[in-house]
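Trainee: First, the structure itself, so that you have it in front of you.
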Amino acid sequence: MASGEPRAKKLRLSDEKKEKKSPEKKTPEKRPESSRKSPTKLGEQNMLLGVTGAIMVFSSVSEENMFLKPYVLNHKIVKKFKVEYHAGGATQNSIKIAQWMIQDPHKVCTFFGCIGEDTFGEILKQKAEEAHVDAYYYEQTEEPTGTCAACITGDNRSLVANLAAANCYKKDKHLDLKENWKLVEKAKVYYIAGFFLTVSLESILKVAKHASENNKLFTLNLSAPFISQFFKDALMEVMPYVDVLFGNETEAATFSKEQGFQTEDIEEIAKKAEALPKINKKRPRIVVFTQGKDGTIMTKGGDKVETFPVLKIDQKDIVDTNGAGDAFVGGFLSELVQDKELEQCVKAGHYAANIIIRRAGCTFPEKPDFH
């Protein structure tokens, strides 16, 4: 930015496009309730909503090399080793990190997911409460609560997952319920990981359309290359409603290939993704692509793309990078829901990711130290 450029040019996604006319300073435009300046002034709960499957993650640190032993499955890990239980799944990770970054008030963040009526489901509810996330789970009996076992040996991590109930979310059984839909209406920002496209497209579309019709923020993550490859139609049915699109460099490259963008340049991919058809034209679409240790790419409307360097970290301090992407999104959303400048959202994302990769699993210390 040139030194003489006014800071008012910084982009906030709550700002609508306005007709060119002289502003009336004495009668400023009424801003949405989510437009607050600091976590202590948020004042309301349920401003950020995440919807997706829910998974009970249990991790164990072992000195022996278990990763090539096929007989070590979820129940055997629980029985044989000391384990830690965590509420998991991509969206749930991001939502709980956003709440951790915000701190007060509690339950600014809401989560909808699906679990079984079982012990792991009860633990998930307990973990959500401990994270001060306002979780509303669809509890059903067809499948048990989804689980993922993580075996950690040194710098290596092996995962064994059973999605089970995470694939059973039903719009008519949960999202459509009057008390739950009221929470959707109360929220100002929505986040859904692309994985949920494989479960309940109708749920995503109902939330996305509500956001678009009410000029709220709907955010989506590409999540994994296979989403762009094998769920392309569902992805592109949702894309016109997306205000913020997240992804990493691998997901961006696959998305580009599947969309026929004919480029491998990540900045060009971001521009082309931003330019895809969009229903709510009051907001520009923002595209944010992370690149691991390399800079994060973000479009800023029009033909502008900016790169933000990540926080430096010594290789020996890196414990587990699996939750880095979820953490980045959580940090980003924690500032976005407060109507902070997009540059600040990226900084918060980088901070959260930098903290999480120093720890096993998507876990964090009691309080953040982000300024």
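Glycine is no exception: its Cβ is also placed from the backbone N, Cα and C atoms.
Unlike curated records, TrEMBL annotations are generated automatically.
Feature table excerpt (TrEMBL):
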{"type": "COMPBIAS", "residues": "1-36", "note": "compositional bias 'Basic and acidic residues'"}
{"type": "REGION", "residues": "1-43", "note": "region 'Disordered'"}
{"type": "DOMAIN", "residues": "62-365", "note": "domain 'Carbohydrate kinase PfkB'"}
{"type": "ACT_SITE", "residues": "Asp326", "note": "active site, proton acceptor"}
Trainee: Counting only residues 6+ apart in the same chain, whose Cβ is under 8 Å from the Cβ of Asp326 (active site, proton acceptor)?
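Mentor: The list for Asp326 (active site, proton acceptor) reads Ala90, Asn93, Ser94, Ile97, Ile356, Cys362, given in order along the sequence.
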Trainee: So what's the average pLDDT for the domain 'Carbohydrate kinase PfkB' (62-365)?
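Mentor: Value for the domain 'Carbohydrate kinase PfkB' (62-365), mean pLDDT as a whole number: 91.
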